[in-house]
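Comments concern the structure below.
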Amino acid sequence: MAAPAAPAAARAAREVVFVDGVRTPFGKAGPKGVYAETRADDLIVKVIRELLRRHPELPPERVDEVAVAATTQIGDQGLTIGRTAALLAGLPKSVPGFAVDRMCAGAMTAVTTTASGIAFGAYDVVIAGGVEHMGRHPMGEGVDPNPRIIADKLVDPTALVMGQTAENVHDRFPALTKQRCDAYAARSQEKFADAVKAGKIGPELVPVATRSAELGWGLATEDEPPRPGTTVEALAGLKTPFRPHGRVTAGNAAGLNDGATGCVLAAEETARELGLPIGMRLVGYAFVGVEPEVMGIGPVPATEKALARFGLSISDIGLFELNEAFAVQVLAFLDHFGLADDDPRVNVWGGAIACGHPLASSGVRLMTQLSRQFAERPDVRYGITAMCVGIGMGGTVIWENPNWDGGK
Amino acid sequence: MLTHEQAAKAFPDEVVTKAVTRLVRVAGLAKPVALITIDNGHDHTRPSTFGPQSLVSLNAAFDAAVAAQPSAIAVTGKPFIFAVGADLSGVEQVADRSSAVDIAQTGHDVFRRFTESPVPTFAFVNGAVLGGGLELALSCHYRTLSDNTAAIALPEVFLGLFPGWGGTQLLPNLIGPDAAVTVIFENALSQNRMLKPAQAAELGITDVLLGSADFIERSLAWASDVVNGVVSVPRKEIDRGAGWNTAVERAKGIVHGRTKGASPGALKALELLELARANDLDAGYAAETEALADVLMTDPLRAGLYSFTLVQKRAKRPAGAPDKSLARPVTKVGVVGAGLMASQMALLFVRQLKVPVVLTDIDQARVDKGVAYVHDEIDKLGARGRLSPDGVNRLTALVSGSLDKAAFADADFVIEAVFEELGVKQKVFAEVEAHVSAECVLATNTSSLSITEMAAGLAHPERVVGFHFFNPVAVMPLLEVVRAERTDDATLATAFAVGKALRKSSVLVKDAPAFVVNRLLTRFMGEVVRAIDEGTPFEVADRATEPLGLPMSPLVLLQLVGAPVALHVAETMHRAYPDRFGVSENMRRFVAAGKNAVWTWDSAGNQSVDPEVAALWQFGPNPLTAQEVLDRVLDAMAEEIRIMLDEGVVAEAQDIDLCLLLGAGWPFWLGGVTPYLDRAGVSERVHGKPFLAPGVASVPA
């Protein structure tokens, strides 16, 4: 046996950068959705291939890990999807891969986990992303909750139904009215439609050939869920499926969606060696658990923890990309930090209420959009991506803009 | 164009390939691309084909595409399949020439719209593309090809047809005449050889090879680049002079060499290749239509389709085979004898079954030689990249030799390939039976001995079965599985299962002298030799069967089989049927003199009779003409086949034909042989009736 290594001196962590991110257009889940007859693994495969195609300067064999998240790891989302997706995408067999699950924050966790590996020195370049085909794999497919969860009153039964947790957030914060939520939702649709029109949303999309036995092959080139022109009035009339006379509707929440996202992360020194672009620099991240019955408040303590850990305050943050699982949980966040419902720093190009939220894939959508906003905003130094997570969690990642002009 | 109703009436049972048009937005193009998907609604195990209704559907889809005023029109298939050509079962139903013209004309009419479209047309060849499928792709202006495409070919000439929906005219004008000859003639007539995707791209059949993972997406992006002029697609300069002459000559050489001019489809293909030189689609397509209607109405073509069906379907479900659930698993194989044939069998068993194979023989030197042969062949497969290093290690470790038959104790299947003498084989089986379980199958590769007699002295005769391979064992697809008098169903089912695992086509045969192929070839050869004995010159007798287009002449076949073996079988047959099978005294002298070949060839390839053979052969005074020899040979075949069917050697004439197709390499256009005997009037002359009902392998009356 070799002699034990000398006691480790403090290691220098390496800077981690977000190189680039892409995603498939998001579809509506269900038999009429664009991806009804398209496999989930094929969606993530197209994303990985697009990343490699956009970055010929990245030799495929330099990819040290492929981490792919999915919430329901069954069938075409099972079989260690990070590894099988890497093989199907044509990466060399020497490139390993694994599967990640932290429900809605799957892709976010794929990023933070592999980024930590880069900082530690275990990887130089990784691909991280997520996929969720909620049409083929509805939330809760095949779950078998331990009966003790109910028997021991670990959580309220409403904690496992996301819409009911959103109603619970309304209960906790009576100031968050349905009207504010509907107004927020209509604005999200409007901002998203404007961003599409302005060409802000689109360049990051990978066209996907869609199979339909009846209609033949098609090509998905834009998101299917958005409803541009949505008005507060129209939203007011929608049903509240989670409670009679409740507040949460299909209009002020993200839908059930299909889609995949992916990004390339690298050690900053490796990015410079290979000539990879630097879209964002990772500052830090935090995940926090909250009561599962009000999982929507998760981003609040997660953000506080991340800011505190890395010595920043909310006023340092110039751009926010918040996942809009429900309007009410975004508003809870904004109220907590004293931000206006229509704060211009928040979800500049709209959010998941418009474009959709294919669970485990959404984290990297937030990051991709933030990185594209950074490129346009040298006046901004820091931004965050944050999301609430089923079963009571929140996740926040803080990023630094490499294009920051130093506050001129 | 046919109406939908006319199309449905022409071929009511058609599995219709539906074509649907969808407009897709593609980056870089202001107007959408009209993407036509062709899909017969089944999975990839039932590939999409074109019959009349399918063509009508494609025509309607093209109408819809044009109406949308797209920036491009593209056609692609269901997953893993582009299209595999005309629906042959529809062709079989064509009973009159005008229907044949309709089929040819409709294909041209629809496909040509893709060629003459003012809007750029693209084929996104996403998978298997054969025959008419490839002609549709060739009819488009541009082609992309998925790199996982499993089958690319124009197999028509192999079937006795020719690519008649534009293939003969478009391909040589796209990739040049010489490459077209390779695809249309050389590959088709080399057991229907397929192109690999990289080869197809290299030949210029397709314009760009794209990865399968995002093939449709990249094809659309490439199409956009072509439409926008970002990508330009160079086309070859075609040599319409000397180069074209050379290619036509090469094609003629191939057709003559492989079909002896006996396949009307191949001959038409030659004419059409010459015509394509002018690159005039009006004239070329008109000629294709006429020629296709002519060929479709010939019996050789129908016999070709009959052969194809036998090989594709009957060979996979052998007539009379017992329920396959009765088969016992085979986890270890014994081979008695370590000579060349035995070693070749051992190699086949280990490669395909991947179970331990033990060879035995009478002394260690022979055992060692046999094992070394197999190990050597495994190494060669490794060196050629056919086996991975791990695969080489695996197979090498599975093959061993032993002097002691106790090594067979746990074998489930023991096959013998020892000297062709009943007593020797009986002794071998008795020795093996002393060591193996009561269920272990004992198989014999005898070519002519009685298997019933071979099993007679055993404690368990019900486990003995004939398992007759053809030389070379690795190549010839036929396996005659012989049921002896007492062979039980479990043994027979196991033999069929092993045959299938060895990737052979098995035919069930009764235990009758020399089974099927050797019996017929011996009768055939016997008549040729008898004609020579009577005074017919070697040249005349050996060329008499040329009109049949057999793979080789009778005397060349004799040389390949080995004269001593042929003589041995002839003697066996003579003992069984002295009236019909003679033994030539000349052949005895020939073999006794150590001769194997009648012909010698000089360095220029000129053939002449070996003078020593000419000296020893004693000719009679009654030479026959070539026609007389041929008539005698054919009459003898017809007689022998009828007797075999009466004896119940096989279930039906179809099995005789299958045996000749797969075991003797007799050509498709003969249909094995009974369709030829019927259409040449031989069956009528000999028996007063045909072997097959009209329409089975001929144009329906």
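Heads up, the Cβ atoms here are built off N, Cα and C, so glycines get one too.
Counting every protein chain shown, the number of other Cβ atoms lying within 10 Å of the Cβ of A:CYS104 (active site, acyl-thioester intermediate) is 33. As annotated by TrEMBL, active site, acyl-thioester intermediate applies to A:CYS104.
In sequence order, A:CYS104, A:ALA254, A:GLY255, A:ASN257, A:ASN323, A:GLU324, A:ALA325 are the residues near A:HIS357 (active site, proton acceptor), counting only same-chain partners six or more apart with C-beta under 8 A. Per TrEMBL, the feature active site, proton acceptor maps to A:HIS357 (among others).
Look at TrEMBL and you will find A:CYS388 (among others) tagged as active site, proton acceptor. In the structure as shown, the Cβ atom of A:CYS388 (active site, proton acceptor) sits within 10 Å of 33 other Cβ atoms.
Note on the domain 'Thiolase N-terminal' (A:16-268): mean pLDDT across this stretch is 97. Annotated domain 'Thiolase N-terminal' per TrEMBL: A:16-268, in sequence order.
Residues annotated as domain 'Thiolase C-terminal' in TrEMBL: A:281-400. With DSSP states grouped into helix (H, G, I), strand (E, B) and coil, the domain 'Thiolase C-terminal' (A:281-400) comes out at 52 helix, 33 strand, 35 coil.
In the three-state DSSP reading, A:CYS104 (active site, acyl-thioester intermediate) counts as strand.
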